[in-house]
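Step one of this worksheet: look at the structure below.
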Amino acid sequence: MQVDLIIEARWIIPVEPESVIHENHSLIVNDGKIIDLLPQHTARHQYQAHTLRELHNHALIPGLINCHTHASMTLLRGIADDLPLMEWLQKHIWPLEQKWVGEAFVRDGTDLAIAEMIRGGTTCFNDMYFFPEITAHQAIKHGIRAGIGLIAIDFPSAWAEDSDAYLEKGLALHERLRHEPLITTPFAPHAPYTISDEPLSKIRMLADELDLPVHMHVHETRHEVDEQRQKTGQTPLQRLDELGLLSPAFIAVHMTQLSDAEIDDYARTGGHIVHCPESNLKLASGFCPVAQCLNAGINVALGTDGAASNNDLDMLAEMRSAALLGKGVSGDASAVPAMTALQMATLNGAKALGIDQQTGSLTIGKAADVVAIEFSEVETQPLYHPLSQIVYSASRNQVTDVWVGGRQLLKQRQLTTINLSDLHERIGIWRERLYADDNK
Ligand SMILES: CSC[C@H]1O[C@@H](n2cnc3c(O)ncnc32)[C@H](O)[C@@H]1O
Ligand SMILES: [Zn+2]
């Protein structure tokens, strides 16, 4: 049988629970989907490939899913470091956003983010930012999968003047994007401290009606929880529960402040958590008790957050930080083992976004969202266990090839859909503008 693509690899790590690591196997891809997984000699016998990629020092893993980003904030990378969340937001980021964020900012910042993400093996990102129609346009243009947040916040911005306008524009955008194969549109109310009950209740109704997830920063810092409790007598989670938001369609980002009882209560709602270890470390926000959450049965995925608080969009690094921090915080070296960290960065992300029938593992019938990681350099030698190298030793420079829905977006480290010299030129212009403003 004639097929579009055969990828031969030294190891293939499907990531589905109970699956084994295959040695010297081939992944067979046709019409954008994985149609077979066979020993290499059998595959060559059964299929004729339009394209054959031989990756004999590589492992194939499912594309990494970055479940929480603010993509165009790459343009603010390194502009305000070493600050806690509220000072960082109120004194630096929000004033810069008020002044600079518009269509061109989001287009160029998103392109930079997409280039960085593809080069690091990310095939899907879940975004929350102003001008989401531009983020969606750039994601489709460059061939990457994306959750495009239908944002809501009580503050005016260049995109919308009030929470009603955010929702109205969000719904119109959902209508325009709902047949795009690479795009989903979760609601994305910013955080409990920036959005009032009325728009949150509307979001709950609309999310139910349209069957969309809700993606929100929750319990990011102690300050957030203490302030809300002082003002209202409730924690942010209690308030969200009372408003009916906590459900299997809810994606809570950060969750660094959780008591044992809150972990059990949240597990009962079926909600997901997106753990952003590096952003939490850099802003000194706290630690999500990941091992406890996983033990309680919560689906925990991974995100980088924006490049202004991380300061990169490197999901391999995030995976390693999650594994190390999971052990450190629980005091248990066996907590968050390598396979769990890889599942958090892939399949758990797909589950949180409600796209696990399409992607998240190298499973027959799913989209061919595939990443190849090379092991021949000194940094990953000698090689005993490919999974150990991926989580604990490899860097994103070892990502050689990336496919989304069978389309190759990175080919031997070269981006196929983004012109890097044009991108560098555009980013240079933003650097001059923002640097001059920051140093006024
Ligand atoms: C409504 S668009 C998103 C909004 O979120 C801001 N933001 C970026 N990182 C964080 C974070 O870690 N916690 C809270 N808010 C964050 C971003 O600057 C935009 O204003
Ligand atoms: Zn965030």
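Note: Cβ is positioned from N, Cα and C throughout, glycine not excepted.
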If I go by TrEMBL, which of Asp305, Asp312, Asp314, Asp332 binds Zn(2+) at the same site as His68, His70, His217?
Asp305
Write down the Cα-Cα distance for Asp305 (Zn(2+) binding site) and Glu220 (substrate binding site), rounded and given in Å.
12
Look up His68 (Zn(2+) binding site) in the DSSP assignment and reduce it to helix, strand or coil.
strand
Please report how many Å separate the Cα atom of Asp305 (Zn(2+) binding site) from that of Glu97 (substrate binding site), as a whole number.
16
Name, in the order they occur in the sequence, the residues of the same chain whose CB lies under 8 A from the CB of His70 (Zn(2+) binding site) and which sit 6 or more residues away.
Asp127, Met128, Tyr129, Asp305, Gly306, Ala308
